[in-house]
Amino acid sequence: MARGKFITFEGIDGAGKTTHLSWFRERLEQKVASTGRSVVMTREPGGTPLGEQIREIVLHQKMDLETEALLMFALRRQHLAEVIEPALARGDWVLSDRFTDATFAYQGGGRGLPRDKLETLERWVQGGFQPDLTVLFDLAPEIANERRSAARDPDRFESESVAFFNRTRAEYLRRAEEAPYRFAIIDSAQSIVQIQRKLEELIAIL
């Protein structure tokens, strides 16, 4: 069986990516049902037993910026070794709620960690490995902030300022501009129906 495909969903908090991920998974499962492949859904930070434990620390405990970035990449290495790479080798499809682009956007763009440090970690942890498709849900931080305000217990990223998310969004868009061959940008200000129509178009060409 041919190697599977790796698809990531990205966007600032409040952009709606997680809401649409489950719907996308259902449609993708319908597409691959006759091929004997499975669809694996995962997330970052997290995705493994170790990752889920440390996820709570990363999301809720204040820490040094470089420690934060190192933890993200350490968890990613385990995620790749334990979940992503084995699934792709089996021929399965993997959907991940965030991956490396989030680290460049949040720790790089948002927090200001130098890009060269992140690129060094990326090369060490991933080699040349990248997603086959990254769906970026793009939304103005002011609108995303209104959506996030409904969250009952926001984590320390969700609690960041609009200025932080402006920087994060800008870095996401920079990443997309540098790798247009794997990015699909969706305007999250659209209606759910319009967004799902765009996602259907992506599934059709996978």
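Glycine is no exception: its Cβ is also placed from the backbone N, Cα and C atoms.
The ATP binding site annotation in Swiss-Prot covers Gly11, Ile12, Asp13, Gly14, Ala15, Gly16, Lys17, Thr18.
Everything Swiss-Prot records as a feature, shown here on the structure.
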residue	record	CB count, 10 Å
Gly11	ATP binding site	27
Ile12	ATP binding site	31
Asp13	ATP binding site	23
Gly14	ATP binding site	24
Ala15	ATP binding site	27
Gly16	ATP binding site	20
Lys17	ATP binding site	22
Thr18	ATP binding site	14
ATP site shell beyond Gly11, Ile12, Asp13, Gly14, Ala15, Gly16, Lys17, Thr18, criterion: Cβ within 8 Å of Cβ centroid: Phe137, Leu139, Ala144, Arg147, Ser188
